[in-house]
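Asks: Handing you a structure now.
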Amino acid sequence: MSIYQFAKSIALLAGQRIREELSQELIIETKSNPNDLVTNMDKATEAFLVSQINEQYPDHRIIGEEGHGQDVTDTEGYLWVIDPIDGTLNFVHQQQNFAISIGIFYNGEKYAGVIYDVMNDKLYHAEAGHGAYLNDQQLPALKDTKLVTSIISMNPNWLTKERTRDMYVPIVQAARSSRSYGSAALDFAYVALGIIDSYITLRLHPWDFSGGLIIAEEVGAVVSNQLGEKLDPLHSNSILVANPGLHQELLNDYLGPYRSRLSEIHQGQFSNR
Ligand code: 2AM
Ligand code: CA
Ligand code: CA
Ligand code: CA
């Protein structure tokens, strides 16, 4: 079995475990603030994925949101970047609209991405250079869109903050409509699927974007930070993912005028870059 096949198989297994245990009572803890939650299921799922990977590939290294992986500071060899449950608030409140996300890199280059929409049993997956799939169906290349006829995804929280309001309101105003799904991994998957045209957010961690980055780029999406720079699996960043035409329009016409503010935000937030 290839590493890619193995990654898909453990995502499916982990999802099955979550579905089977959904009726059990959750133990919910808060992390950085009262709305930043983690459950026993996040931790158990990460522990399961990490133990499976360690057993099969003891020399591979792992970064995971809940800390079961290692402290990784370089990208040598195989690197797994995993989010056991992306969309924990959806998981807790809705028992749906959450995903398992896995991105795998080899010597810092994209190798494969897997996003498993657990409750809908939809597996988005891609091996770099070989196209992206939803279950067994290959996803077609994205077509360019203009913002006026696009649906974008953005968390409305960014429109309530002094520092970002004037930058993002014109995008929401100009778009055909906007959505907020509450799972970054599913946002990437939906861009890859072409059901939304762009996903825009100011702060994601490597486990939020690594699987999605690899899948979305396989259908021709452009994935960068909001300064147009490449993402890497070791650092948090802002996100702009869209079909090529819309990515350029957003970067040039909407974010470009705020370049110095965005640079400042990046230096402040992501100073370890
Ligand atoms: P999580 O559910 O794995 O924590 C919600 O808008 C999306 O943003 C989810 O993908 C969520 O991932 C992620 N998210 C939540 N809190 C975050 C934070 N403080 N920084 C970056 N991403 C966050
Ligand atoms: Ca979290
Ligand atoms: Ca996440
Ligand atoms: Ca998570």
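Positions of Cβ are set from backbone N, Cα and C atoms, glycine also.
Pasting the feature list from TrEMBL:
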BINDING   Glu65, Asp83, Ile85, Asp86, Asp208  Mg(2+) binding site
Asks: Return the residues near Asp208 (Mg(2+) binding site), defined as same-chain residues 6+ apart in sequence whose C-beta is under 8 angstroms from its C-beta, sorted by sequence, else 'none'.
Replies: Asp83, Asp86, Ser101, Ala184, Ala185
Asks: What residue among the binding-site residues Asp83, Asp86 has the most other CB atoms lying within 10 A of its CB?
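Replies: Counting Cβ neighbours within 10 Å, the top one is Asp83.
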Asks: Suppose the Mg(2+) site is Glu65, Asp83, Ile85, Asp86, Asp208. Which further residues of the same chain have a Cβ inside 8 angstroms of that site's Cβ centroid?
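Replies: Those within range, site residues removed, are Asp42, Ile82, Pro84, Gly87, Thr88, Ala99, Ser101, Ala184, Ala185, His205, Trp207.
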Asks: At a 10 Å cut-off from the C-beta of Ile85 (Mg(2+) binding site), count the other C-beta atoms across all protein chains.
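Replies: Other Cβ atoms within 10 Å of Ile85 (Mg(2+) binding site): 27.
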Asks: Which number gives the other C-beta atoms within 10 angstroms of the C-beta of Glu65 (Mg(2+) binding site), all protein chains shown included?
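Replies: So the number of other Cβ atoms within 10 Å of Glu65 (Mg(2+) binding site) is 23.
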